[in-house]
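Below is one structure, written out as structure tokens, with a few remarks after it.
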Amino acid sequence: MKLSCLSLALAIILVLAIVYSPHMEVKALADAEPDAIGFADAFGEADAEPKRRRGLKKIIGKVIKGTGKVAGEAAASAVADAAVSAAIDAVVGTTEEPEQ
């Protein structure tokens with residue numbers, strides 16, 4: 001009984017391998033990018049990464065820098081407003097806590 005189950009499992013694996021191997025081969029031939037990256041890595045070329053990924057990294061970097069700049073300006077504005085409010089309170093003589 002164990003031998004027939006093992007034979008059945010191996011037969012199913014063999015059939016699946018035969019059925020799906022042409023599909024995988026076509027898919028591998030259609031996408032040449034992994035081959036190019038593997039070739040560049042194998043020969044130690046510095047430009048192993050596709051140009052579109054480098055472009056995407058530049059765009060993401062610019063977005064992060066811009067977001068950081070806006071957040072920094074907002075924080076500086078909030079600190080400046082709190083300082084002005086504290087200075088006015090000191091001159092006027094109120095003892096209210098500044099809003100946070």
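Cβ atoms are placed via backbone N, Cα and C, with glycine included.
Features as listed in Swiss-Prot:
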type: SIGNAL; residues: 1-17; note: signal peptide
type: CARBOHYD; residues: Ser85; note: O-linked glycosylation site
type: CARBOHYD; residues: Thr94; note: O-linked glycosylation site
type: CARBOHYD; residues: Thr95; note: O-linked glycosylation site
Inset, instruction - Would you count the other C-beta atoms found within 10 angstroms of the C-beta of Ser85 (O-linked glycosylation site) for me? - result: 14
Inset, instruction - Work out the three-state DSSP category of Ser85 (O-linked glycosylation site). - result: helix
